[in-house]
Structure formats: C-alpha cells, structure tokens
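Taken straight from TrEMBL:
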DOMAIN    44-149  domain 'Thiamine pyrophosphate enzyme N-terminal TPP-binding'
DOMAIN    241-359  domain 'Thiamine pyrophosphate enzyme central'
DOMAIN    451-576  domain 'Thiamine pyrophosphate enzyme TPP-binding'
BINDING   D482, N509, G511  Mg(2+) binding site
Amino acid sequence: MDTKIGAVDACNPASNDVGCLPNGGVAAMQNSVPSTLVNSSEATLGRHLARRLVQVGVTDVFTVPGDFNLTLLDHLIAEPGLNNVGCCNELNAGYAADGYARSRGVGACVVTFTVGGLSVLNAIAGAYSENLPLICIVGGPNSNDYGTNRVLHHTIGLPDFSQELRCFQTVTCYQAVVNNLEDAHELIDTAISTSLKESKPVYISISCNLAGVPHPTFSREPVPFSLSPKLSNQMGLEAAVEAAAEFLNKAVKPVMVGGPKLRVANASDSFVELADACGYAVAVMPSAKGLVPEQHPHFIGTYWGAVSTAFCAEIVESADAYLFAGPIFNDYSSVGYSLLLKKEKAIILQPDRVTIGNGPAFGCILMKDFLRALAKRVKHNNTAYENYHRIFVPEGQPLKAAPREPLRVNVLFQHIQNMLSGETAVIAETGDSWFNCQKLKLPRGCGYEFQMQYGSIGWSVGATLGYAQAVPEKRVIACVGDGSFQVTAQDVSTMLRCGQRTIIFLINNGGYTIEVEIHDGPYNVIKNWNYTGLVDAIHNGEGKCWTTKVRCEEELIEAIATATGPKKDSLCFIEVIVHKDDTSKELLEWGSRVSAANSRPPNPQ
C-alpha cells in the first residue's frame with residue numbers, strides 16, 4: 001500500500017509513513033485535491049511550487065529577497081495557503097526553516113543566488129546533521145545565461161555558475177537546477193519527495209526568468225504525492241528479533257537508551273511499546289531529550305556518561321546488556337570518548353540496521369518494526385529499574401538565596417522548571433543551556449529542541465522563530481547565552497513582525513562560557529551589550545514586546561509573573577545577569593573531558 005504524505009497532523013504510529021517525524025510531522029496527504037485544470041495564465045512554475053509546499057505541510061516559508069528570486073517570491077506570496085516570513089539574513093532564514101521542520105515535519109526557505117545560497121549553507125548543513133527535511137530554494141541566473149561566457153553579479157567573478165551547486169552537494173540529499181521549463185515539473189517534484197523520503201535537506205535552484213512563464217506541464221493542480229513505503233525484510237526481521245530476544249532474555253539487568261535517530265526512524269512510539277513490555281530501565285541520550293516521554297514509569301533520565309542526570313550513568317554502565325535505539329556517538333555525546341560501555345554488551349539499532357554485540361548484524365530492517373516485534377518476544381525484567389529506585393536520592397534544592405543576593409543559574413532554572421507545561425516548548429542554545437535544560441523535567445506534551453550534533457552557536461534564535469511559527473498554540477521558552485545571541489540577534493525583529501509571544505531568557509555572563517571551560521583565552525570575552533536596550537530598539541513601538549533585566553531572585557519572580565500574566569500575549573525578553581563563572585557542574589566536567597580529547601598528542605609514527 002502506498003504511503004501518502006503532506007498534511008500536518010500527527011502520524012499514525014501503526015503505518016509505514018515516510019518522512020514522518022515523531023513529534024508531529026508529515027502525515028497522510030488528503031485525497032480531496034482534485035486534478036483540475038488551471039487557468040492557462042496561472043499554469044506557472046511558481047504557482048506549482050507554492051501549491052506543492054502547501055500540500056506537504058509548509059504554510060510558512062522563510063525568505064530573504066534578492067534580485068534573482070523576486071519574481072518567484074511574487075508567485076509564492078500569491079498562494080493563499082502560504083505565508084511569507086521575511087527574515088533579516090539568510091542564516092537565520094535557514095535556522096528558522098530548521099526549527100519549523102522539527103515541529104511540522106518539513107520546512108522551506110528561499111534565498112538568492114550564491115551570495116544568499118552560501119550564506120544559508122551553514123544552516124542547511126546543520127539540518128542535514130539532524131536529519132531534517134528542509135527545502136532550500138534559490139533564485140538562480142536567467143536561463144539564457146547558462147552555457148555562456150558571461151560573468152554575473154553575486155558570484156566570485158568567474159563565468160561558472162556551479163560554485164553554489166557544488167557547495168550544496170555535500171549537505172543536501174538531492175539537487176535540482178531548474179533552467180528549462182520542459183523538465184521543471186519533474187525536477188521540483190523529485191526534489192521535494194526525496195527530501196521527505198530521505199528526511200534530509202534538498203536544494204532547488206530556479207532561474208529568475210522562469211517562475212512566471214506559463215507551461216503545459218503545470219496546467220493541472222499538482223496531484224498529491226504517493227510515496228512507496230519503506231519496508232523491512234521480513235526474514236531478516238525475524239532473524240534479528242530472534243537473536244536480540246535471546247541476547248536480552250539471558251541478561252540479568254538490561255536497560256534501554258533512546259537516541260536522536262528515533263526521530264528520523266519515526267520510532268518513538270515503538271520504543272515506548274517495547275519499554276512497556278520489557279520493564280527495563282529507560283534512559284535517553286542528550287540529543288534525544290523530548291523524543292521519549294519522561295513520564296514513563298521506568299524513565300531514569302539522560303545518559304551522558306560522566307555528566308548524566310543523577311544515578312542514570314551508574315545504572316546504564318553497570319548493566320550487562322543495553323539496547324541503544326538510534327544513537328550518535330561523537331566526541332560531545334561521549335564526553336570526550338569517556339563512556340564506560342562495552343560493544344559486546346550492546347544492541348545498536350539504526351533506522352534500518354540492527355547490530356548485536358560484536359555480531360551478527362542485520363540490514364534492511366526498519367527500527368520501528370524491530371522494536372514492535374521485539375516487544376512480543378522479550379521477557380519482563382525490571383531489575384535495573386529496581387536497582388535505580390533503590391539507590392535514587394531526590395535532587396536537592398538550590399541553596400536559599402539571601403535577600404537581593406546576585407542571581408545564580410541554578411536558581412534561574414528552578415523557576416524555568418515551574419513554568420513548563422504541555423502548552424510550552426523549550427529551545428536550548430549551544431552552551432551551558434545544553435546542560436541546564438537537560439535537567440528540566442518535561443511535562444507531557446512539552447516540546448524540546450536543541451542542536452547537538454552540529455552545535456552552531458546562534459542557532460536558537462532562528463530556530464525559535466521557526467518553531468514558534470509552526471506551533472503558535474505553544475509558548476516557546478528559549479534559553480540563550482549572550483555570546484550566541486550576538487551572532488543572530490536581528491531576527492527577534494521577525495518574531496515581533498509575526499506577533500510571536502516567545503519568552504527569551506538571555507543569560508548574560510560576559511562571554512563564551514562553554515569555550516572557557518574547554519580552553520580559556522581572551523577571545524572568549526565579548527563586548528557587553530545593553531541587550532534589553534537592543535531589543536527595545538528593534539521593537540521600536542511596533543508589535544507587542546516587553547523587556548526587563550533581572551539581577552536577583554526577587555526580580556526574576558516578578559519578571560516571570562509579568563511574562564506569564566499581563567504580558568502573556570507579548571514577546572518577553574528577560575536579560576538575566578549572572579556571574580561569569582556561574583556554570584553548571586556538568587559543563588565543568590564535560591569541558592575538561594572534551595579539552596583532554598581535543599588536546600591528545602599525535603600518535604607516534
């Protein structure tokens with residue numbers, strides 16, 4: 001049976017939906033779109049692309065205008081179902097499409113040729129690293145200029161238009177250069193469907209003179225996509241489940257750990273199904289936070305080696321068998337390669353592959369099929385969770401602050417914890433917010449996003465814009481350091497234009513604190529800004545905005561009360577002044593281990 005893709009409803013966990021994200025991604029395309037004739041003057045490439053974006057669930061496209069994409073933008077904004085969100089720069093437009101895709105299942109941005117394309121490239125690379133379907137559309141040169149010896153503006157001065165394409169080839173799964181109307185329909189549809197199937201970004205370049213030219217291939221409404229589902233090899237699935245069940249059922253205290261590729265595998269529900277059946281202690285890797293419900297009765301926290309949440313690492317690393325579903329083991333997630341794990345004890349699941357211990361390995365097996373089938377074969381064993389429950393000691397509270405005492409970060413996050421509900425979402429910036437936000441306990445339905453694999457500072461500003469635009473019913477709480485905010489601050493402007501009501505906690509500690517804890521130097525100190533003054537200037541009396549500085553707990557309590565009360569419909573920017581050395585204990589540990597990994601001497605030759 002074909003799997004249809006397009007609307008923004010949550011996925012049916014029993015289906016083999018392709019390109020469907022577990023936290024509300026691309027789902028069944030509605031069959032109500034008739035294949036009707038289009039007025040010949042409207043049978044254009046621009047209209048077709050706009051209709052396609054709406055069909056797959058994109059109702060907001062993040063753009064920066066440039067002369068090569070202006071006519072295309074005219075056609076996109078003419079589509080009633082598509083909202084143009086003009087961003088301050090291309091990097092933020094890409095980050096916004098990233099944040100949007102995390103909630104909607106697919107995102108899109110539009111920039112201009114080369115000068116815009118190379119500017120958005122960094123954001124597209126980040127989306128690629130996080131397996132996000134993102135459609136990057138570039139307004140390209142006039143079709144008549146291809147194959148000539150002409151030098152164009154916005155290029156490096158050579159009569160070669162392929163520089164941008166060559167850059168995108170390494171960070172997208174498909175590239176379409178549309179400079180001919182004859183094959184434009186096929187190229188556009190192939191690019192969008194490939195993005196959904198592969199759950200990766202794609203690149204579409206459209207010649208600036210083609211968007212508004214009618215052509216017979218666009219004479220009908222685009223027929224909804226119907227993509228063949230990915231299927232497991234049934235014999236391989238049965239063999240893998242048999243081997244895994246035997247491996248786990250002889251273990252004394254097995255555990256389960258969810259990884260970030262649960263998202264691209266659309267396997268979160270199947271992971272919980274197995275957890276319900278087996279009774280194992282359940283942990284998540286840091287970049288999988290938010291993909292597994294933390295209300296699960298056997299949830300024990302975040303497994304992050306030496307900086308895990310309390311008592312979690314001890315249970316995972318002392319287990320005699322562990323099942324990792326969709327892990328990414330890099331130097332950051334392994335805390336400088338210091339995890340105390342043994343390969344022979346591990347079952348490693350990737351989206352389409354199962355490896356048991358040092359072998360055997362089984363390919364062409366979908367993770368969600370494997371987890372669901374394994375749930376019917378494993379014996380119930382709650383020994384590891386009982387051990388966790390036995391040694392667990394509830395977390396202490398931060399030391400009580402004296403009246404008007406300078407605010408401490410642990411006190412700040414205690415109050416942020418109390419703000420969370422199913423109607424909120426947390427966006428955590430690269431830096432100490434990684435570690436502090438990891439310790440937040442997410443209520444059911446509370447969203448959570450951060451970018452760990454790529455770790456691009458400044459990502460959270462654009463991602464917050466995109467995420468909040470995708471789910472206006474949730475109030476986004478963004479935690480960002482001063483150093484990161486300086487990279488991408490401009491698009492607070494776009495949040496105000498869109499009427500968003502995000503709460504931004506700007507943690508002002510005078511520099512790049514995460515870099516300080518890895519390797520300190522004068523380059524980690526930044527020029528201090530009047531951050532609330534900056535946002536007030538950006539606000540400029542247009543839109544709803546409220547800002548404040550807080551220096552002690554009393555001011556913080558008052559600020560949160562205002563942001564969630566009288567100013568609940570405004571964008572609220574709370575600048576939190578803290579000491580430059582006030583960091584989480586996890587960052588201190590993590591920084592020293594990553595520093596040791598970075599500074600390993602060369603191996604002797």
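Cβ coordinates come from backbone N, Cα and C, glycine included.
When Cβ atoms from all protein chains are considered, those within 10 Å of G511 (Mg(2+) binding site) total 20, not counting its own.
For the domain 'Thiamine pyrophosphate enzyme N-terminal TPP-binding' (44-149), the predicted model reports an average pLDDT of 97. A Cβ within 8 Å of the Cβ centre of D482, N509, G511, the residues given for Mg(2+), is found for these other residues of the same chain: G481, G483, I507, N508, G510, Y512, T513, I526, K580. The Cβ of D482 (Mg(2+) binding site) lies under 8 Å from the Cβ of L506, I507, N508, N509, G510, G511, I526, N528, W529, Y531, each on the same chain and at least six residues away in sequence. Other C-beta atoms found within 10 angstroms of the C-beta of N509 (Mg(2+) binding site) number 21, with every protein chain shown included. Each residue of the domain 'Thiamine pyrophosphate enzyme central' (241-359) gets a DSSP state, and the totals for helix, strand and coil are 38 helix, 25 strand, 56 coil.
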